[in-house]
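S.K.: What TrEMBL lists as Mg(2+) binding site is D26, S54. Taken from TrEMBL, the feature sn-glycerol 1-phosphate binding site covers Y174, L175, E176, A177, G178, S179, G180, G205, G206, G227, T228.
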Amino acid sequence: MRSSFQYKNLIRQIEEGNKLLAILIDPEKFDITTSEKFLKIIPKQTTHLFLGGSTVPEKLMERLIDSLRMHTKLPLIIFPGAASQISEKADALLFLSLVSGNNPEYLIGQQKAGAAQLLKSKLEVIPTGYLLIDGGSESAVANVTNTLPMPQSNIEGIVHTALAAELMGAKSIYLEAGSGANIPVSAQVINAVKQVLTIPLIVGGGIRTAEQKKLSYDAGANMVVMGTVFEA
Ligand SMILES: CC(C)=CCC/C(C)=C/CC/C(C)=C/CC/C(C)=C/COP(=O)(O)OP(=O)(O)O
Ligand SMILES: O=P(O)(O)OC[C@@H](O)CO
Ligand SMILES: [Mg+2]
C-alpha cells in the first residue's frame with residue numbers, strides 16, 4: 001500500500017497550530033558538495049525540503065537526495081517540473097496539476113507520463129492543485145508550460161479554481177507567484193482562497209523576508225516555500 005505518512009504528519013502539524021516552512025532546492029543550481037553547509041544556513045524553523053526545478057538534468061535528483069540524506073532528517077519532497085524528476089529515493093512527491101492554465105500536458109500529460117513508474121513504486125504522492133499567479137515578472141513556469149498566470153486582481157477566478165481543484169480530489173493547493181517573483185501572492189488572494197479550502201494551503205514565489213513570510217502565514221498560508229533567497 002502507498003503510504004500517507006508525510007501527508008498525515010503535515011495535517012497533524014497544522015492541527016497543532018504549526019506554520020510549515022519548505023526550502024526549495026533547485027538541483028540545477030545547487031552544488032552538492034555544499035549540502036552540509038547549506039543545511040546549516042537555512043532557517044531553524046524549516047520543516048521540509050522541496051526538490052525540483054523547471055528543468056533538471058537526468059540523475060541529478062538522485063545525487064541530490066543521496067547527498068542531503070547524509071546530513072539531514074528533514075522530509076525530502078519532490079516538487080517536479082516534469083515526470084522525469086520523479087525519484088523513489090524521496091519521501092513524497094507533490095503530484096502537481098497546473099490547474100490555472102489550459103495546457104493538457106501539465107494538467108494530465110506529465111502525470112500520465114509518470115504513472116508507470118509510480119505503479120511500480122511505493123513513493124507517497126500528494127495530489128496538489130498548482131495555480132500560477134502573476135508575480136510581476138516572467139516566470140520559468142509560464143515559459144515552460146506555455147500558460148498565462150492568473151492576475152492577482154482576479155480573486156474570484158483564483159478562488160473558484162482552487163476550490164474546483166479541491167473538489168476534484170486535490171489534497172493540497174499551491175499558490176505560486178513564480179520562482180524569483182517581484183511580487184509574492186498577496187495577503188488578499190491567500191486569505192480569499194484559504195476561506196473556501198479544507199485542505200492545506202502552500203504559498204511560494206518571491207518570498208524573501210521574514211515580514212513577507214509572516215504576512216503569508218497571517219493571511220492563511222499553512223506552508224511557505226522559499227527558494228531563490230537561499231541560492232548561492
Ligand atoms: C506530477 C508530475 C509527474 C509532474 C508535474 C508537472 C507539472 C504539472 C508541473 C507544473 C509546472 C512546472 C514546470 C512547475 C515547476 C515547479 C518548480 C520546481 C518551479 C521552480 O522553478 P525554478 O526551476 O526554480 O525556476 P528557475 O529555474 O527559473 O529558477
Ligand atoms: O524561488 P522563490 O521565489 O523563493 O519561489 C519558491 C517557489 O515557490 C518557486 O517555485
Ligand atoms: Mg529557481
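Cβ atoms here come from the backbone N, Cα and C positions, even for glycine.
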S.K.: What whole-number Å value do you get for the CA-CA distance of T228 (sn-glycerol 1-phosphate binding site) and D26 (Mg(2+) binding site)?
M.R.: 9
S.K.: Rounded to the nearest angstrom, how far is the Cα of E176 (sn-glycerol 1-phosphate binding site) from the Cα of D26 (Mg(2+) binding site)?
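M.R.: Between the alpha carbons of D26 (Mg(2+) binding site) and E176 (sn-glycerol 1-phosphate binding site) there are 15 Å.
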S.K.: Can you tell me the three-state DSSP label for Y174 (sn-glycerol 1-phosphate binding site)?
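M.R.: Where Y174 (sn-glycerol 1-phosphate binding site) sits, the three-state DSSP reduction gives strand.
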S.K.: Just to verify a number: CA distance, S54 (Mg(2+) binding site) to G178 (sn-glycerol 1-phosphate binding site), in angstrom, no decimals.
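M.R.: With distance taken Cα to Cα, G178 (sn-glycerol 1-phosphate binding site) is 10 Å from S54 (Mg(2+) binding site).
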S.K.: Can you tell me which of D26, S54, E176, our binding-site residues, come within under 6 Å of ligand 2 at the Cβ?
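M.R.: From D26, S54, E176, counting a Cβ under 6 Å from ligand 2 as near, the near ones are E176.
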S.K.: Under 6 Å from ligand 1 by Cβ, which binding-site residues from D26, S54, Y174, E176, G178, G206?
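M.R.: Only D26, S54 meet the Cβ criterion.
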S.K.: Anything from the binding-site residues D26, Y174, E176, G178, G206 with its Cβ under 6 A from ligand 3? List those in sequence order.
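M.R.: Close enough to ligand 3 are D26.
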S.K.: So if I draw a 10 Å sphere around the Cβ of G180 (sn-glycerol 1-phosphate binding site), how many other Cβ atoms end up inside it?
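M.R.: For G180 (sn-glycerol 1-phosphate binding site), the 10 Å Cβ neighbour count is 17.
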